[in-house]
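Novice: Let me give you the structure first, and then I'll get to my questions.
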Amino acid sequence: MDPDVGNLSSVAVNSSLDDQLADSRPWNLLELISIGSVLVTIILSCVIGNLFVIMAILFERDLRRPQYYLIFSLAVADLLVGVIVSPLATLSELQRRWTLGVTVCDIWISVDVLVCTSSILHLVAIALDRYWSITDIGYMQNRTPKRIFIMISIVWVVSLLISVAPIFGWKDSRFEHRVNVEHICLISQELSYQVFSTATAFYIPLFAIMAVYYKIFRAAKRRFKRERDRKTFTKHSLPSTTHISAHTANTMIAPATGAKLSLPVKQKAATRQMQIEEDGPSAVSSVDGSDDMDDERTPMHTNGRQLTQLETALDGSDVGATRTAPASVTPKTARFRLKKRSKESAETRREQKAWRTLAIITGTFVACWLPFFLISLYRPICRCRINPAVESVAAWLGYLNSAINPIIYTIFSPDFRQAFQRILKRICFLHES
């Protein structure tokens, strides 16, 4: 094939692409007000929501724990989307053209790629953190601030490498022509860069998130099934977790109130201890048998405890947190009863809640970002016309994800809900601060 003919063909295709992308017809007043209102609402939601998350973690002592550092860094990335990226995108959208020149376009695109990629990669890090917290017994002890900071650093460094590549020359030859002549600020359409950036910033993270949350849900189903199949006997008015040492025939049970009660327990040769649990997490009461057995008593790690860890991992709470619920024991009420039917109902609700949480997290991520990255990869491959309205909607769905993240990653956590309530009270009623 003649090289000149090939070059002319390439120029013609690129020119056709640029001409089709350029649509500078101004909006009428009604369109301008409607579109502007929607975009400003998204920006304000993004800024306010992420500011609340940042303030909650900074000012609430209960939230200044390593597992919340990832949420904090995610909120910073999403806040930058609302403060820097979205306003310039709004200006370009309302004017229907880019008027700020090549340099600003280059910087804006780099910041856009940096913070949006960082936001997506943070979701992967959060998913991994939650998975490790329920599958690795030693992870809770090893989840130090240093380890979390390393994860955060990796996220930002990878995002930075993707974002600065076009500045250092990895861009198509018509980039400046699009900005100066066509008034379009569009990321590099070099196919190799688009394959690299979309794969690293979205497609690989997408599969990682889906795989991790699938494993979390599989773990949930297995544990819920074991919990349903298990015959659970509970003391009528004991605290939800009670340890009974079966070393002697007469066992002293010390509930949270400090009272002691001597109860006969049938000793089994191979059993040193059994644990009885109700539905919710609670304080563990001490159980005293003979003094020479104190060092040998080891509480069993039961399904109830595992389920609590699973649920707190899903809502982002501290898996190691313990909630105390005092109770009293009387001889008249110290009898066992089978609660299989109610237990099955409770575990079914738990399973449904876990599924609903995972569906919201993964579904929101896919719905917000998949259209944008499909278009991003499709455009440089096909060199065909894509409706400008479709492109705008896809881009703003991605920005919308930064406004939704502070909701779906905190609304399931009681700690965050309480912190938000206290912040609102301080804002509205200064005397309560």
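We number each residue from 1, going along the chain as drawn.
From the backbone N, Cα and C atoms, a Cβ is placed for every residue, glycine too.
Annotations in TrEMBL come from automatic prediction, not curation.
Among the features that TrEMBL reports, compositional bias 'Polar residues' is placed at 300-311. Annotation source TrEMBL lists domain 'G-protein coupled receptors family 1 profile' at 49-409. The feature region 'Disordered' is assigned by TrEMBL to 268-347. If you look up TrEMBL, you'll see 32-59, 68-87, 107-128, 148-171, 191-216, 358-378 marked as transmembrane segment.
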Novice: Within the same chain, where does the transmembrane segment (68-87) have neighbours whose Cβ lies under 8 angstroms from its own Cβ atoms, ignoring anything closer than 6 residues to its ends? I mean 6 or more beyond.
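Specialist: Distant contacts of the transmembrane segment (68-87): 39, 42-44, 46-47, 49-51, 53-54, 57-58, 108, 111-112, 115-116, 118-119, 122-123, 125-126, 129, 145, 148-149, 151-152, 155-156, 316, 399, 402-403, 405-406, 409-410.
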Novice: Which range wins on Cβ pairs under 8 Å with the transmembrane segment (191-216): 32-59, 148-171, 358-378?
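Specialist: Per the Cβ count, the answer is 358-378.
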Novice: Looking only at the domain 'G-protein coupled receptors family 1 profile' (49-409), what is the mean pLDDT?
Specialist: 75
